[in-house]
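Peer 1: So that we are looking at the same thing, I have put the structure below in C-alpha cells.
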Amino acid sequence: MKMDSAVSEEAFERLTAKLKARVGGEIYSSWFGRLKLDDISKSIVRLSVPTAFLRSWINNHYSELLTELWQEENPQILKVEVVVRGVSRVVRSAAPAETCDNAEAKPAVTPREKMVFPVGQSFGGQSLGEKRGSAVVAESAAATDAVLGSPLDPRYTFDTFVDGASNRVALAAARTIAEAGSSAVRFNPLFIHASVGLGKTHLLQAIAAAALQRQEKARVVYLTAEYFMWRFATAIRDNNALSFKEQLRDIDLLVIDDMQFLQGKSIQHEFCHLLNTLLDSAKQVVVAADRAPSELESLDVRVRSRLQGGVALEVAAPDYEMRLEMLRRRLASAQCEDASLDIGEEILAHVARTVTGSGRELEGAFNQLLFRQSFEPNISIDRVDELLGHLTRAGEPKRIRIEEIQRIVARHYNVSKQDLLSNRRTRTIVKPRQVAMYLAKMMTPRSLPEIGRRFGGRDHTTVLHAVRKIEDLVGADTKLAQELELLKRLINDQAA
C-alpha cells in the first residue's frame, strides 16, 4: 500500500536526521546531501541520487544502515533501493560521447531471453558501476540467435573506441574484418596483444557487434578463454561434447579473448582442432592476449604455431591526446546523468599528462575526480596531484615495458619485432637485438632470465653476453652512444 506523500516526506525527514546523527555531518553532506525520496510502495523504499557513482557507493557501504533506519520508521519495509535520478534501471546502448541518449528506454529482457549484456566500467559509453546483471533488448532476433558465447557489452563498439597512434593499425584491421563479412576472410587469424586495460576486449567485442549488425544471419561467437574452458568441461560432464564442438565449427566468425588463460592439455587439444577446422574452412578467427603468440609459453606448441601463422598486432599504451579524449568522453557520459557536473578542461588535461598507464588507471583517476567533485567542486591541480599520487607515482621511475623497447628499437633499425625474437644471426639483426636486450636490462627491473624469455625464449647467458657486448662497444663507438641516448629518450617519451 502506497503511503501518503506528506507522510512519506515526514518519514524521510526523520530518517535523514537519524542518518546524519549516525554517520556525522561531514559524511552525511558528502554522500547523502543530494539523496531524495522517490517512492514508498508496499515493502520497498526507492531513494535517488544524481550520479551512478553515488548510487554505487551508498549501495556498497550504507545499504544495511538505510534499511535498518527505514525499518525503525516502518517495520513493513523490507528493501531500500538507491537509483540514479532520471535514469531508467534499464541500461542504455552506448551513445556517442558528445551526446546524451534521450530516447525512451526499452523494457529489460526477461531471464528467459538470450541476449543479455553485462555492464562493467569503461570509457565512452554507459556510466561506471552498472550491475553486471543489467540487460538491454537485442536489436533483432537474428542477433539474439547469433551470439552463442560470452555476452557482449553494448557500449563496446567502434564508435566508442578512442583511436590514436598506438592502436590505429589494430583498429583498421578490426574494422576490415567486421566489414568483410563471411564472404571474405582477412588477416586469418588476427591476433591482437597488449597489456591489461589498453582496449583489447573493447576492440574484440566491437568486431563481433559490427559483424552481427552488418549481416543479418551472421553466425558469430565471442568467447573468453575461461568461458570456453567452462563450456567445454560442462559439455563433457553432460555427455554433450560432440554437439558443442559441432556447434562451434558451424560458425562464420570466432572471437576469443584472454587467450593466455587457456589451460589444460585436453582443452588445448580440442581448441587446436577447432582452430584448424575453422582456418582450413576459411572461417575468420580473431584472438587477443596480453602478450604475443610466441610468448604464450603455456599454450600447446601447435596452437602457438597456428596463431603465429596469421597477423599479430600490438596495441600500445595511449598517448596524451588519446588519454585526454578518453577523459572528455567519460565526462560527457557522466554529464548525461548529472548535468550539473563540471570538471574543468585544465584538470582533465593535467590528469591526462600525469596518469600515463592503462585506460583502467585513467578510469580510476576519473572516478576519484567524480567522487571529490561532489563535495570539492573547485578542486585545484595541487589537490588533484595529492589525490592521484598512487596513480601518477611522482618521483618514482617510469614503468617501461620490454615490448615497448623492442618495438622502438625495431623501428629505429628498420627491422621487425619478430626479427628480434627470431634465431636469425645476420649482422643487421644481431646488433638491434643486443641493443634491445641491453636497454631492457638498463631501463626495466626485469631479471636476465625474464628478459631472455621475452626475446624468444633465450637463455639468461645470452642476455648477459649482449649487455656486456654493448657496454664494451659504447665507450669507443660515439655513434652507438648517440643511438642509445636517442633510443632511451624515445622510450621514456613513450612511457611519459
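Cβ coordinates are placed from backbone N, Cα and C, and glycine is handled just like the others.
According to Swiss-Prot, the ATP binding site annotation covers GLY197, GLY199, LYS200, THR201, on the basis of sequence analysis. Per Swiss-Prot, the feature region 'Domain I, interacts with DnaA modulators' maps to 1-76. Sequence annotations record features per position, and here Swiss-Prot assigns region 'Domain II' to 76-150. Under the heading region 'Domain III, AAA+ region', Swiss-Prot lists 151-373. Per Swiss-Prot, the feature region 'Domain IV, binds dsDNA' maps to 374-496; the stated evidence is sequence analysis.
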Peer 1: Need the DSSP three-state call for LYS200 (ATP binding site) to compare against my parser.
Peer 2: helix
Peer 1: Fewest other Cβ atoms within 10 Å: which of the binding-site residues GLY197, GLY199 wins that one? Let me know.
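Peer 2: Each of the binding-site residues GLY197, GLY199 was scored; lowest Cβ tally within 10 Å is GLY197.
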Peer 1: Give me the long-range Cβ neighbours of LYS200 (ATP binding site): same chain, 6+ apart, Cβ under 8 Å, in sequence order.
Peer 2: ILE192, HIS193, ALA194, ASP257, ALA288, ALA289, ASP290, VAL315
Peer 1: Measure from the Cβ of THR201 (ATP binding site) and count the other Cβ atoms within 10 Å, all protein chains considered.
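Peer 2: Its Cβ has 20 other Cβ atoms within 10 Å.
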Peer 1: Beyond GLY197, GLY199, LYS200, THR201, what residues of that chain have CB atoms within 8 A of the centre of the ATP site's CB atoms?
Peer 2: ALA194, VAL196, LEU198, HIS202, LEU203, ALA288, VAL315, GLY359
Peer 1: Which whole number is the mean pLDDT over the region 'Domain I, interacts with DnaA modulators' (1-76)?
Peer 2: 81
Peer 1: Which residue counts does DSSP give the region 'Domain IV, binds dsDNA' (374-496) for helix, strand and coil?
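Peer 2: When I sort the residues of the region 'Domain IV, binds dsDNA' (374-496) into the three classes, I find 84 helix, 0 strand, 39 coil.
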